[in-house]
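The active site, tele-phosphohistidine intermediate feature in Swiss-Prot is assigned to His825; the stated evidence is similarity to another entry. The feature ATP binding site is assigned by Swiss-Prot to Lys22, Arg116, Gly131, Thr135, Gln182, Glu296, Gln308, Arg310. Under the heading region 'ATP-binding', Swiss-Prot lists 1-313. Per Swiss-Prot, the feature region 'Rifampicin-binding' maps to 326-754; the stated evidence is similarity to another entry. The region 'Disordered' annotation in Swiss-Prot covers 410-429. The annotation region 'Swivel phosphohistidine' is assigned in Swiss-Prot to 767-865 on the grounds of similarity to another entry.
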Amino acid sequence: MSSLVLGLHEIEKTQLSLVGGKGLHLGELSKIQGIQVPEGFCVTTVGYQKAIEQNETLQVLLDQLTMLKVEDRDQIGNISRKIRQIIMEVDIPSDVVKAVAQYLSQFGEEHAYAVRSSATAEDLPHASFAGQQDTYLNITGVDAILQHISKCWASLFTDRAVIYRMQNGFDHSQVYLSVIVQRMVFPQASGILFTADPITSNRKVLSIDAGFGLGEALVSGLVSADCFKVQDGQIIDKRIATKKMAIYGRKEGGTETQQIDSDQQKAQTLTDEQILQLARIGRQIEAHFGQPQDIEWCLARDTFYIVQSRPITTLFPIPEASDQENHVYISVGHQQMMTDPIKPLGLSFFLLTTVAPMRKAGGRLFVDVTHHLASPDSREVFLKGMGQHDQLLKDALMTIIKRRDFIKSIPNDKTAPNPSRGNADMPAQVENDPTIVSDLIESSQTSIEELKQNIQTKSGSDLFRFILEDIQELKKILFNPKSSVLIRTAMNASLWINEKMNEWLGEKNAADTLSQSVPHNITSEMGLALLDVADVIRPYPEVIDYLQHVKDDNFLDELAKFDGGSKTRDAIYDYLSKYGMRCTGEIDITRTRWSEKPTTLVPMILNNIKNFEPNVGHRKFEQGRQEALKKEQELLDRLKQLPDGEQKAKETKRAIDIIRNFSGFREYPKYGMVNRYFVYKQALLKEAEQLIEAGVIHEKEDIYYLTFEELHEVVRTHKLDYQIISTRKDEYTLYEKLSPPRVITSDGEIVTGEYKRENLPAGAIVGLPVSSGVIEGRARVILNMEDADLEDGDILVTSFTDPSWTPLFVSIKGLVTEVGGLMTHGAVIAREYGLPAVVGVENAAKLIKDGQRIRVHGTEGYIEIF
């Protein structure tokens, strides 16, 4: 068997590097019993390499291309064009020509063929590369087919293919092209079959797009397609398009576009029987490959031919269930303000820390809420809580509940909270003593200091046992009933204030102002403390100039050579000693902390120096406190004028005191958790250094791709199959490209919610109002905190914020996020800083462009773009 040209039936599963993704799948398809694949052969990558390997000019151009970035579009275009020209002019090796001629003689030279590209970086489980290289239809004759083989080779360097490889991290010099030559099928109809619904991701629904003639009309967007949906062997939906034209093959070669007769334009492309037959074929192919497929098909002489099948790479994985029942899962990341994927060690630690059972999928965590939705009472309580947190999530759950047949109902749970109790109930009777919070904080800090001391003597298996024991201590602190009551009481007090002040005084969201500058909020204090760091640096221009150019994380050691450098270093070290364990995505223990990468803080410090006068941190806090006191007095005075006013004022005063005394504590348990996480991490990284010295791992960060239990075993035995690390790194790269759903079912269906809002201005973008007020300003769309370049008065637009973003809040005048709820980080800090904010705005960072002027309506929950 020649390695230059292979028949489709000769292709083996291990030959990706020879035949590319498309060739590999066609080889597999041709072996499935009952699946019709047009006969053909593959000119392998060996033939391509043999044709170009001696061309020195081409190698120079490839080296130049490798040095470019995606932004260098003009240079990419020029170099790619030169490469294509060289490849077109290269002689095809004589043994390749001979082998091609032999196969064509075997299949019939007189027939027409499709000549199709198949790259080694194409149709892979993690990157489809669909449509990046060229396909040519209805080619007749040996010479013409050889010419089009060269064209396919050259199409490896179209601008779009080059840019796509850059975006997906593939090396141009390591991607090769094979060419598939297949007997041409002249179909009456053709199209695409998805074995999972491409809109909802439901794995039980097949979706068929169908049109007359060749499939190129659909792929190129020339015509609209009929769309058929099939579930459990039944057609559940039909949408018949007006098909005005189709592409057909010409007898003399090539293709042509033809108008469809008007009486046929609305005709159903496939009969119902054919739709169901095609669906069965799709399920058979999916079962063979073991995952949902994107299948190209055509119908000729009442026979379905399959001309391609590739994995659907955009589906979010389904959380695993232990049974075959229907399940509903909600995203933990949307509640934690962290929708990025988490590495295995991070997932492992979070699962060890939490008390709620969770499922993993796509590098994220999900909670199975099926039981909560099954009984009427627990459902009402649960949905009420979700509505306060995330209205889009609640609406998605309501969509599932309305189907009635998806979740089996169970009797009411007698232990469930009484749903009849409303928000307007007076907050539970707790001792309204601010020292309770101080005592809880002091106890947590003492425990952390003890941990830091005790862990220093631990190593090897002792360290892992010690960490497991300390996590139990962490859980006691995190889920301390006293802490939970304080936080819940403060939340209820805010809800009570908002409801009663609206009812009694017609004033919306009064609790927002009352929540400004509360004591003991470790997160908002963190933002103000960085203003104090800026105050230390501000008098020293040499230090400021140095910081503007710093890139090395060892910069703190260099500061001493400048006037004011020692003071700057000490101020930053003091800041890091209290807040250095924080970072973006901090619930993932593997994320790089500020103490590990202090340059992260530099842009924020410089922004503070640029945007603010000295001592502004204290003034901001005091201003917020005075506004809260003023609002309190105003409300109490107005209430006393009402019937039964003294009693109303008394109840309101108590609720306000609860907000002022307790609401700041809400941010503290998480601060304690990430504090401990950083201590654990530093100890584990010392173990990683030992593993590097022993040759078990290549770099410290390799341990992030092991679970806690796996890492313990590796430390104990010094044995590891490194392929596990490599595979999980590839998986993580794939997960980074996926957007996690708020709600996903056990069928894989992604159920989305929507806001039910009326009477909004034309073009308004809707979200959840979480901090009242109206502000107009320049939108700064920032997806990475390190890229922040803010001016006083800007409005921050981003996907989500967690506590690490708080230092930016001192510079902005408003907030818009894609993810969030009433009590999530951004909302809480926005209220404390007095910033109008709207969260849960779908695709905000795409709909709003950086630099646009926008108006944020924090009271009503929408944004206007000007």
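From the backbone N, Cα and C atoms, a Cβ is placed for every residue, glycine too.
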Thr135, Gln182, Gln308 as binding-site residues, winner by CB count within 10 A: Gln308
Whole-number Å value for how far the residue listed as 'active site, tele-phosphohistidine intermediate' lies from Gln182 (ATP binding site) (Cα to Cα): 57
Helix, strand and coil residues within the region 'Swivel phosphohistidine' (767-865) as assigned by DSSP: 23 helix, 35 strand, 41 coil
Local confidence of the region 'Rifampicin-binding' (326-754) - pLDDT mean: 93
Euclidean distance between Cα atoms of His825 (active site, tele-phosphohistidine intermediate) and Glu296 (ATP binding site), Å: 46
Rounded Cα separation (Å) that holds between Lys22 (ATP binding site) and His825 (active site, tele-phosphohistidine intermediate): 46
Recorded positions: Lys22, Arg116, Arg310, His825 - member with fewest neighbouring CB atoms within 10 Å: Arg310
Rounded to the nearest Å - Cα separation of Thr135 (ATP binding site) and His825 (active site, tele-phosphohistidine intermediate): 51
Other CB atoms, at most 10 A from the CB of Glu296 (ATP binding site): 18
Integer Cα-Cα distance in angstrom, His825 (active site, tele-phosphohistidine intermediate) to Arg116 (ATP binding site): 52
Mapped DSSP class for Lys22 (ATP binding site), helix or strand or coil: helix
